Structures are given as structure tokens and as C-alpha cells.
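Right, one structure below, let's go through it.
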Amino acid sequence: MPKVGRSVSPDITSREDWEKKEAERKQLHSAIERRRRQKIQEQLQILKKLVPSCTARDDNEKLSILQGTADYIKQLQDLLIQYQEKDPSIVPSAARFLPVKPKTTHSILSTLLPNYQPPKSFKKIEDKPIKERPVHMRMETLLC
């Protein structure tokens with residue numbers, strides 16, 4: 001005597017459940033990815049406002065914002081080196097206004113940008129110090 005009642009086989013039900021769970025998983029992943037892209041866009045807009053060469057531009061192209069930021073940081077580093085070579089006392093006296101004496105790119109960025117988080121995917125860039133200022137010694141000191 002055949003069973004009466006259930007019209008759908010167990011295989012079809014489990015497949016429907018699997019498809020439903022898979023659709024939910026994809027939706028969740030899409031939402032997470034959307035939030036990640038939104039956060040990246042927000043941080044790029046912050047960078048665009050901070051970097052003078054990017055502020056003048058109307059484009060929102062990520063590459064141009066990142067290139068402009070990298071160029072600006074290089075200019076600031078070069079300017080810092082020039083000031084250090086001109087007057088070695090400038091940087092130490094200005095450093096007392098900073099909460100922490102920055103020695104690396106990450107510490108400088110975290111000082112300037114409150115929401116800055118170092119990249120997780122790169123190997124330790126933190127170990128690479130920014131070019132130290134040249135040490136000026138008098139000739140008498142070297143000869144003694």
C-alpha cells in the first residue's frame with residue numbers, strides 16, 4: 001500500500017533548502033562587499049579633501065586619488081628632509097606638538113588620520129623607517 005500525504009520527494013526538498021541557503025549566503029556576501037566598497041569610497045573622499053592636488057580635481061577616480069596622495073606624501077617627505085638639512089633644530093622642536101613622535105609612515109598616517117588602519121595584507125611596512133635626518137658633526141669631534 002503506497003504512502004499518502006507527501007507529494008514532494010525528500011530529495012527535492014533538500015535541494016530547495018540548499019538553493020535557499022545558497023541565495024541567502026550570496027545576499028549576505030553582497031551586503032558585506034557593498035559595505036566594504038562604501039567604506040573605501042568614504043576614505044577615498046577623505047583623502048581627496050586632505051590632498052591639495054586632489055581637491056582641485058572633479059574626478060572621483062580611485063587611481064588618481066591614490067596617485068595624488070602618494071605624490072603629496074613624497075613631496076612632504078622631501079620638504080621635511082630639506083628643512084632638516086637647513087636647520088636640524090626645526091623638526092625636534094615641532095615634534096613636541098605631536099602626541100607621538102612619528103618615525104614611520106604608518107605612525108604619521110595614524111597621527112594625521114584618526115580612522116587610519118594599517119593594511120593587513122602587506123608585510124610589515126612599519127619596520128621601514130622614514131629617512132632619518134642627517135647627523136651634523138663637527139670636524140673636531142671626528143678627529144678626537
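Positions of Cβ are set from backbone N, Cα and C atoms, glycine also.
The feature region 'Disordered' is assigned by TrEMBL to 1-22.
The compositional bias 'Basic and acidic residues' annotation in TrEMBL covers 13-22.
Summarising the annotation, TrEMBL assigns domain 'BHLH' to 24-76.
Note on the domain 'BHLH' (24-76): DSSP counts are 46 helix, 0 strand, 7 coil.
Helix, strand and coil counts from DSSP across the compositional bias 'Basic and acidic residues' (13-22) read 10 helix, 0 strand, 0 coil.
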